[in-house]
Amino acid sequence: MTLADMSHHRPSLYTQDARTKARNAAEKRFRIYGITAVTLGVLALIVLLTSVLGSGLGSFRQTMMTLPVTLDAAVLDKKGNRNPDEMAKATTITYGKVLAQALEAVVAEKGLAPEGMKAKEIGSLISKEAPAALRDMVLANPDLIGTTIEFNVLANGRIDGFFKGRVTMESAALDSNVSPAQLELAQALRDAGMLRLAFNWAFITNPDASELRPESAGLGVAILGSAYMMLIVLALALPIGVAASIYLEEFAPQNRFTDLIEVNIANLAAVPSIVFGILGLAVFINYAGLPQSSPLVGGLVLTLMTLPTIIIATRAALKAVPPSIKDAALGVGASKMQTIFHHLLPLALPGILTGTIIGLAQALGETAPLLLIGMVAFVKEYPAAPPEGFLDPAAALPVQVYNFTQRSDPAFIERASGAIIVLLVFLLAMNILAVLLRRRFERRW
Amino acid sequence: MTLGLLAALVLVLAIGGFILGRQRALSSAKGDLRKLHSLPGYYGQTVALFTAVPAFVLMAVWLFAQPALIETRVAKLLPGEEHLDLVMTDVRKIAEGLDLIVAQGYLSNKAISDMRADLSDIRSRMGDVGIALGSNVKPTVFEAAKSYRSLNHMGRIGMTVAVLAVALAGFASAFLRIQPEFRARNVSESFVKVLLIAASLVAIATTVGIVLSLVFETVHFFKIYPAADFFLSLTWNPQFGGGSDLGIWPLIWGTLYVSLIALAVAVPIGLFAAIYLAEYASKKLRAIAKPLLEILAGIPTIVYGLFALITVGPMLRDYFAQPLGLGTSSSSVMTAGLVMGIMIIPFVSSLSDDIINAVPQSLRDGSYGLGATQSETVKQVILPAALPGIVGAILLAASRAIGETMIVVLGAGAAAKLSMNPFEAMTTVTVKIVSQLTGDTEFASPETLVAFALGLTLFVFTLILNIVALVIVRKYREQYE
């Protein structure tokens, strides 16, 4: 082949021939696929988080009204001796009327009511939960009777929805639960400064509320239930997990039996979570007779699920301690147990704790197994203080999200997203703690 | 005595044992520590361990065994009952009610043992303490409930006595052995080692528990529902009143369809992301993008479920399904599949990334030396070398997708259908496990028990996938190490 022939194929180094062009184009395309994939993944994360945050932030602000409420003794305490047992005869219906009258009085005084609006319609601006709150307050402090107090009442869920854009004049016209006139009145009340959107502490502290009262539904019971379960998981999974890891890492001989344990742990990490729920239902509830929807059963199930995570993390942490430390301890006459408990374990502790926190974070977000052990039940009472409280019915944060999604009122979707924000905040805090622990205590040998 | 009190008592005994054991060791050495075989603390530790551990083990075993023993004995009192499970539920309820009646001071224990179902109105008395009974109580059932209750009481008393006896016996035996020559450290260390072994057996116990509970109830299910119908029927139509069709195929089809869509989303994105991050990305980009993708794996599945329910579902319905005339449901196979795909991206990308990084640099250098471009190297050298590992990663992701529950519960719908239309609501094995076990049907009915058969199917399916994946990954890793 002569030089001239070659120049026929490739006229110059500066101009690419067709094949090089194609290869370079393929290279460029491949790179673009890669960038697109990474972008899509990150984009999915962003869309996911913004969608949930966007629809959930509203639940942290709630429409409230401050009303001057006259607690008339003739209505609320007919016998007049301020005995809470007798006053308890006045039901929430009576208190509801008191509140409705208070609102009507304010509306009439300021002349805010639109033409032709009935008194009943004005009263139903108030949440159905408010009378019970007022009643509890009065029964707890009977001296309030006969005075006029400034009482903060929740507005009805639809009114709340109006100020958050969920309910419009058009949708209200079709809705049997709210009328456009009520919305106009609510707007007038807001303009008059009687009605405002305030930070909603009740969302964090209140128990769940029934289908008709989305405005007062909160996460108190669920947060408490989740906290109880995390306590149980921590108290059981950490010692068992660490003990198992010490045995497997430091003592176990290389034989079939050890292999069996190792395979088991690897498999448990990959068993679908719902299968653990079936185990909990069959063994802890049906066989052992532990109460349904109790944090104890939930905690036990989550313990079994968290164990593999903790064992894997602990073994890695134990492995990372340099053998020289072990040799030195053994060399100065420590027994194997002393070497492990006095030297290896303290040095591996940061890694173990990090793994434990991550395991707990996983357990905190787990939903499916808890559905099967009865955590879906509607629970309005706070569980008692531990240890009795471990057997009381309770909810759990992720299951509460699921419960909210199963209700028809769209206001509960906002609550569900809000609950997820609370859940994510807890998870974020735990993960940051894990990262900080690792940063602060991790040692490079 | 309540359990908590008993446990506290045993703990107090153990702590007391530690202090006393230590003192006895010190006094037996007459103040000269060198005479002791072990440090004084080990003598205390031995006493504490011998006091607490056997007592707690006995307590756990007793709590575990008592219900079964009592139920078999009570069941013997109810000959000829057709639905023994249901009757036993009543027995337990009545016994609980009797406990409440005594606790609230309506009747004494003696009055209850004299009470007879044919003479007094049990149902209204139960109603007084908040126990609702469906029908009037048969005398035999009431007698069974009374004996259930008294057996439970006896069991509790027996346990308290036995546990305390074991604790004291352990205390005494360890305490009396203390003398300067006693090898306390060796004894307590062997004891601790036994505890460590026991802890590592929890994993095996869990697996055994899972398998036993699934198999036991599945056998129960196949006794009242023909296995052939379950495995071969193409309709899933549970009825409250009985006569249900419980064929598994519509559920398996839904599960596979959703998982397939999920993998179709996750495999290309995850794989290309892994390739890009491993081969192309700068250190800085990698340090940002890799953790961001891994966040996706740390987000609880309920969050994805809600995302499917409120964002993806309505969007797919409004922009794709309705304009194309494919359906009007916001929960669909496509919704669940897409969202699940997002969830398993990190499972594919992280594992593949590790595997691609494990391919030796010499292979890359050789390829570049022959004049291959970077993408040609990836396609023709790195991917073939990493293929087994990547297949393993994909299988693990598939097993994750098949076992996933919350996304499909909230995103896929509840209608069991055999359809090709991805915009139609379908259902999966996991959805039906949840709905059959959280419904109101009685436990012993085929409609509830079918959940265990579904669970067993799911368990076996994912187990096989996991094992195959692990074997592939492990085999591949050995090649380069």
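The backbone N, Cα and C atoms fix where each Cβ goes, and this holds for glycine too.
Curation plays no part in TrEMBL annotations; they are all automatic predictions.
Over in TrEMBL, the protein carries these features:
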type     : residues  : note
TRANSMEM : B:43-65   : transmembrane segment
TRANSMEM : B:157-178 : transmembrane segment
TRANSMEM : B:190-212 : transmembrane segment
DOMAIN   : B:252-469 : domain 'ABC transmembrane type-1'
TRANSMEM : B:256-280 : transmembrane segment
TRANSMEM : B:292-312 : transmembrane segment
TRANSMEM : B:332-351 : transmembrane segment
TRANSMEM : B:381-402 : transmembrane segment
TRANSMEM : B:449-473 : transmembrane segment
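Take the transmembrane segment (B:43-65) and the stretches B:190-212, B:332-351, B:449-473: counting Cβ pairs under 8 Å, B:190-212 has the most. Relative to the transmembrane segment (B:449-473), the listed stretch B:381-402 leads the set B:190-212, B:256-280, B:292-312, B:332-351, B:381-402 in CB pairs under 8 A. Highest Cβ contact count with the transmembrane segment (B:292-312) among the listed stretches B:157-178, B:256-280, B:332-351 falls to B:332-351 (criterion: pairs under 8 Å). Counting only same-chain residues 6+ beyond the ends of the transmembrane segment (B:256-280), those with a CB under 8 A from a CB of the stretch are 286, 289-290, 293, 333-334, 336-338, 340-350, 352-353, 356-357, 374, 378, 382-383, 390, 394, 397-398, 401-402, 408, 412, 422, 426, 428.
Listed as Cβ neighbours of the transmembrane segment (B:157-178) (distance under 8 Å, sequence separation of 6 or more from its ends, same chain) are residues 1, 6, 9-10, 13-14, 17, 20-21, 24-25, 28, 43, 46-47, 49-55, 58-59, 62-63, 66, 184.
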